[in-house]
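Enquirer: Take a look at what TrEMBL says about it:
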type	residues	note
ACT_SITE	Cys324	active site, nucleophile
BINDING	Cys174, Ala175, Ala176, Pro177, Gly178, Gly179, Lys180, Glu221, Asp252, Asp270	S-adenosyl-L-methionine binding site
DOMAIN	79-393	domain 'SAM-dependent MTase RsmB/NOP-type'
Amino acid sequence: MRADSGGTRKPSCFASWIFRCRAAWSWRLACPSGMVLTRLTAAPERRLARRVCGVVLDHFDAQYSSELGDAWAAVRDILTSPCCWQYAVLLNRFNYPFNLEEALRLRGYRTVFQGSLPHCPKSMKCYLSTTAGRMPSERHQVGNLKKYYLLNAASLLPVLALELRDGEKVLDLCAAPGGKSIALLQCADPAHFGLDQPRSSSQPSVANRYGIGQCYLHCNEYDHLRLKWLMQTLESFIPQPLVNGIKVSQSDGRDVGDAQPETFDKVLVDAPCSNDRSWLFSPDAQKAACRISQRRSLPLLQRGLLRSAIKALRPGGLLVYSTCTLSRAENQDVINDVLNTHSNVIPVDITEMARTCSQDFSFAPTGQECGLLVIPDKGRAWGPMYVAKLKKSWTV
């Protein structure tokens with residue numbers, strides 16, 4: 001509960017959500033399922049369908065019907081129907097919401113990845129439901145940590161593919177809006193980022209306790225507005241002493257490798273891409289057409305970011321590349337080009353990750369053992385998300 005300006009008590013965002021969930025659940029019990037489905041989804045579907053950008057959809061139809069074949073029809077239906085989209089709930093270990101966790105379980109949510117992936121730590125708790133819908137987002141409040149982060153569950157796959165280990169230096173090269181940085185901090189053991197380092201009797205300070213000055217996570221974002229978004233995300237989920245110990249920079253990602261050669265054990269390149277979900281709902285047709293014409297230049301930028309990431313990676317280190325597009329030119333073709341032009345980079349087989357996660361995600365063939373592509377499907381509306389895993393060899 002919270003108080004308004006008049007001193008009266010109002011239900012919190014979470015409490016309001018629980019109330020609505022209970023009401024909806026009671027209604028489902030009382031009414032035929034078909035009637036409920038029509039009542040809940042028909043109006044939003046009509047409203048949102050008018051907002052699909054025809055210019056983008058026509059472009060996607062031409063490209064993806066060729067690249068995905070028969071699978072494109074089902075993917076298209078999901079991408080153009082936001083009422084079918086699903087949202088996972090990543091719990092914040094730094095302000096753990098025990099009551100929310102219990103409420104999610106009562107609502108039929110279940111954990112994902114736990115027990116299925118050997119490198120998924122117990123500290124990362126993500127809940128998902130097989131039904132569409134989303135919880136309300138929490139407001140950013142200075143000094144108050146949020147309890148959960150809403151995300152596309154497929155966006156955790158690149159983070160898990162990094163297989164974080166204690167004491168490693170990690171670079172998030174294109175970090176905004178910060179979701180994957182938050183997930184990295186949920187995954188790592190506290191000692192990884194200095195959270196649980198014991199205080200010595202001679203230095204019993206908060207700074208020593210949180211390992212300030214030992215910046216194991218470096219978040220970089222070149223765009224000024226997105227950098228502000230990243231900073232707000234970190235402040236909303238991470239205790240302030242730890243935020244102060246995370247290095248945040250505003251550099252062109254293509255220059256980071258030259259500035260910090262062979263510095264990092266793990267590098268995540270969540271590259272700028274033609275975000276399929278977002279582009280489909282572009283409000284301005286002229287701007288959408290301009291985006292499509294500029295789309296051809298994205299692979300050049302993505303290859304530049306990967307070349308920089310390889311320079312920043314120490315020999316023996318792992319690099320994960322990801323996008324939220326279905327485009328082969330921005331996914332497989334970019335990775336194939338890097339492998340063909342860098343003799344010190346080798347592909348890492350991640351087909352086992354796809355097999356292990358096949359219960360919760362639908363995958364399209366990529367023709368690569370080092371790459372997987374999550375495609376939205378009915379009841380599993382996650383993605384698009386392309387993930388590729390590479391390793392820098394010790395010899396050239």
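Yeah, the Cβs are placed from backbone N, Cα and C, and that goes for glycine too.
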Enquirer: Let me know the model's mean pLDDT on the domain 'SAM-dependent MTase RsmB/NOP-type' (79-393).
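Expert: Over the domain 'SAM-dependent MTase RsmB/NOP-type' (79-393), the predicted model scores a mean pLDDT of 89.
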Enquirer: Just to confirm: which same-chain residues, 6+ apart in sequence, have a Cβ under 8 Å from the Cβ of Ala176 (S-adenosyl-L-methionine binding site)?
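Expert: Same-chain residues close to Ala176 (S-adenosyl-L-methionine binding site) (Cβ under 8 Å, separated by 6 or more) are Glu221, Asp223, Arg226, Leu227, Trp229, Leu230, Thr233.
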Enquirer: Widest Cα span across the S-adenosyl-L-methionine binders Cys174, Ala175, Ala176, Pro177, Gly178, Gly179, Lys180, Glu221, Asp252, Asp270, in Å?
Expert: 20
Enquirer: Going along the chain, which residues six or more apart from Asp252 (S-adenosyl-L-methionine binding site) have their CB under 8 A from its CB?
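Expert: When sequence neighbours closer than 6 are ignored, Asp252 (S-adenosyl-L-methionine binding site) has Tyr222 within Cβ distance under 8 Å.
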Enquirer: Would you mind reading off the Cα separation of Cys174 (S-adenosyl-L-methionine binding site) from Cys324 (active site, nucleophile), to the nearest angstrom?
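Expert: Spelling it out, the Cα of Cys174 (S-adenosyl-L-methionine binding site) and the Cα of Cys324 (active site, nucleophile) are 13 Å apart.
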Enquirer: So what sits near Gly178 (S-adenosyl-L-methionine binding site) in its own chain, CB-to-CB under 8 Å and at least six residues off in sequence?
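Expert: Non-local contacts for Gly178 (S-adenosyl-L-methionine binding site): Cys219, Trp229, Leu230, Gln232, Thr233, Leu234, Phe237.
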Enquirer: Could you give the Cα-Cα distance between the residue listed as 'active site, nucleophile' and Lys180 (S-adenosyl-L-methionine binding site), in whole Å?
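Expert: Here the two Cα atoms lie 13 Å apart.
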Enquirer: Are there residues of the same chain, six or more positions away from Lys180 (S-adenosyl-L-methionine binding site), whose CB falls under 8 angstroms from its CB, and which are they?
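Expert: In sequence order, the residues whose Cβ lies under 8 Å from that of Lys180 (S-adenosyl-L-methionine binding site) (at least 6 apart) are Ser155, Pro158, Val159, Asp172, Leu268, Asp270.
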